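Asker: So TrEMBL has the following annotated:
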{"type": "DOMAIN", "residues": "25-140", "note": "domain 'Acyl-coenzyme A oxidase N-terminal'"}
{"type": "BINDING", "residues": "THR146, GLY185", "note": "FAD binding site"}
{"type": "DOMAIN", "residues": "286-447", "note": "domain 'Acyl-CoA oxidase C-alpha1'"}
{"type": "ACT_SITE", "residues": "GLU432", "note": "active site, proton acceptor"}
{"type": "DOMAIN", "residues": "473-630", "note": "domain 'Acyl-CoA oxidase C-terminal'"}
Amino acid sequence: MEGVGEEEMEGVDHLAHERNKSEFDVDAMKIVWAGSPHAFDVSDRISKLVASDPGFRKDNRSTLSRKELFKNTLRKAAYAWKTIVDLRLSEEEAAKLRFYVDEPAFTDLHWGMFIPAIKGQGTEEQQQKWLPLAYKMQIIGCYAQTELGHGSNVQGLETTATFDSQTDEFIIHSPTLTSSKWWPGGLGKVATHAIAYARLIVGGREHGVHGFIVQLRSLEDHSPLLGITVGDIGMKFGNGAYNTMDNGVLQFDHVRIPRNQMLMRVSQVTCEGKYKQSDVPRQLVYGTMVYVRQTIVADASCALSRAVCIATRYSAVRRQFGSQNGGPETQVIDYKTQQSRLFPLLASAYAFRFIGEWLKWLYADVTQRLQANDFSTLPEAHACTAGLKSLTTTATADGIEECRKLCGGHGYLCSSGLPELFAVYVPACTYEGDNTVLLLQVARFLMKTVSQLGSRLSSKKPVGTIAYMTRVEHLMQCRCGVQRGFAELSADLVEAAVAHCQLIVVSKFIEKLQQEIPGKGVKQQLEVLCNIYALFLLHKHQGDFLSTGCITPKHAALANDELRSLYSQVRPNAIALVDAFNYTDHYLGSILGCYDGNVYPKLYEAAWKDPLNESVVPDGYHLYIRPLLKQEIRTARL
Ligand SMILES: CC/C=C\C/C=C\C/C=C\C/C=C\C=C\C(=O)SCCNC(=O)CCNC(=O)[C@H](O)C(C)(C)COP(=O)(O)OP(=O)(O)OC[C@H]1O[C@@H](n2cnc3c(N)ncnc32)[C@H](O)[C@@H]1OP(=O)(O)O
Ligand SMILES: Cc1cc2nc3c(=O)[nH]c(=O)nc-3n(C[C@H](O)[C@H](O)[C@H](O)COP(=O)(O)OP(=O)(O)OC[C@H]3O[C@@H](n4cnc5c(N)ncnc54)[C@H](O)[C@@H]3O)c2cc1C
């Protein structure tokens, strides 16, 4: 192209000068981020496989109608499955492939909730019957719990499951409009089966909410079965975004299922109509939600790191103001305001990665204990998964929006990848439990812990977190000390719950740094990021910390000075720290975040591909614009 300067030529790494500043071994950090050499190998190999296959292209999504978008998602899901089968990918590789395809689809719920629900709440016999069908995708499942009238309040669900001892069946029914199942992903147009949650009624007596496997559609022609009314709930936030998913509505009209399709690991109904509650906490029926909440924390680190990668690379490319004697303008990443907004998000991405690793261990540990009927850590596991899901998704949704703003006007273009990332991510603050409702669960756990243990919530925390621990105890004492009910104090208790979760994230980051971490300069970089995360939160909530008396205003001022110094330490390593996420340009889906930093030619080229530019004179000119210009005002034909 004429007039293209060297700085805009393709094939040149426009961020090479930034990459050369790195003070640590980026390849070693890639392995830390991935979790292990094996995990890095799988991620690297599968992400490149997806990026190189035109069958997984996603740059055209914003130009498709809802029906075209959905059909394209079905095509991709089928193509992904064929790829998995043809290449004989392992379960781990298959999960990575679905992750890098990066499109909300019915498969998320089939693999992410339907199968875990059967594994967690089905008997051995039920697992042996249903899991092989599900693993081979000979049935496609969804998780149908939420209703039009109830989502947070699971015990308020209205769908009924009435046992008929004459026929040894359950009758599944939607007694009211508000009992219609509403929101389940994959339900609207694809799922052939559901795990449906309903109020169990045996012999006229209610036994609370239980899960049931219900077939919804014929495996011959996909038509809804007798008594099943099912469809999509309509367009959702954003244009492309989550509209690739058929969140559905479902009504049951006295649908009969065999007794052995009630998930019976936690409770049973005998053929004589006798209800048996195993000696396990009834909350195990919520087990699938706990499982997904811990995966969502890991997902948060992925989503936030994507946004931070885009904003960091673009901040290094973008120059604005500051030219000296006709020299280059200043890179916006060098402005202290840009650093004070961006680098805490970079630190948070790493913090959430490590807390996600720990939560995965905690979930595996509690699951192992449940096998031995050891329920001692179940309350803590519930509080941690609920609280950390709430904390990380709120921070990530806010962080993605901040990254969009950090990219100025170009961040608002679809080609930046940020609007779509935000629109797809933001419901994470709602699904798998509204974030406030989940924090109330944490507050309830803290109240019980304080009442059982006295003021000390826990002494099991690294020394560096004393201020954080004191803050939680202070916030709890301020609330528990006064004689007012939980509901009256709930807004304050939620703040204490957030403080408690922040304490966990900081302490687990510190514990991570106590491990052996190979690679030149890697541990040092992580120490800087850990200090940024901890001091940023201390600065943001300094009112809490000052009121506890464990820090003075002088300490607060010193902490702020230290933050600025830490930002300066990150600055030369910023591009390398986001390179360590090892995202392909395909997965990032962002011109602003492209690896080579050659942004402007790509932005310019992308603009002309918009359908609006197929003609230089827009459709509608002659009917609407020309009359205006020629002052020939006519009644425009509707
Ligand atoms: C790689 C990706 C893989 C998978 C991804 C797939 C999907 C995720 C991606 C996209 C999203 C797509 C789908 C989204 C799906 C959904 O949204 S599914 C529906 C989610 N719905 C909810 O989360 C509902 C939230 N509500 C609840 O959980 C409960 O109603 C409640 C708020 C916890 C209240 O329950 P309840 O009224 O029964 O109990 P309480 O009276 O409040 O408490 C009684 C005691 O029980 C303890 N408790 C409560 N819950 C649990 C639990 N889960 N585990 C253990 N213990 C629990 C509670 O602490 C009380 O204890 P006590 O104080 O000692 O009495
Ligand atoms: C994209 C998406 C996908 C989903 N996929 C599925 C799925 O596959 N399967 C499924 O079963 N469900 C699914 N859901 C539903 C989701 O789980 C629910 O929307 C979620 O649990 C919140 O419940 P709700 O909608 O009833 O919100 P509500 O609880 O009605 O929340 C509304 C407001 O009330 C507040 N509130 C509610 N209770 C209290 C309280 N006790 N104290 C204080 N404040 C309170 C909340 O904080 C919130 O501000 C999905 C939802 C979305 C958005």
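Note: Cβ is positioned from N, Cα and C throughout, glycine not excepted.
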Asker: When the domain 'Acyl-coenzyme A oxidase N-terminal' (25-140) is classified with DSSP, how many of its residues are helical, how many are strand and how many are coil?
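Answerer: Its residues fall into 90 helix, 0 strand, 26 coil.
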Asker: Specify the count of other C-beta atoms within 10 Å of the C-beta of GLY185 (FAD binding site).
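Answerer: A 10 Å sphere around the Cβ of GLY185 (FAD binding site) contains 25 other Cβ atoms.
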Asker: Restricting to the domain 'Acyl-CoA oxidase C-alpha1' (286-447), report the mean pLDDT as a whole number.
Answerer: 96
Asker: Around THR146 (FAD binding site), how many other C-beta atoms are within 10 angstroms of its C-beta?
Answerer: 18
Asker: Using Cβ-Cβ distances, find the residues under 8 Å from the residue listed as 'active site, proton acceptor' that belong to the same chain and are at least 6 apart in sequence, listing them in sequence order.
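Answerer: Spatial neighbours, sequence-distant, of the residue listed as 'active site, proton acceptor': MET289, VAL292, ARG293, ILE296, LYS389.
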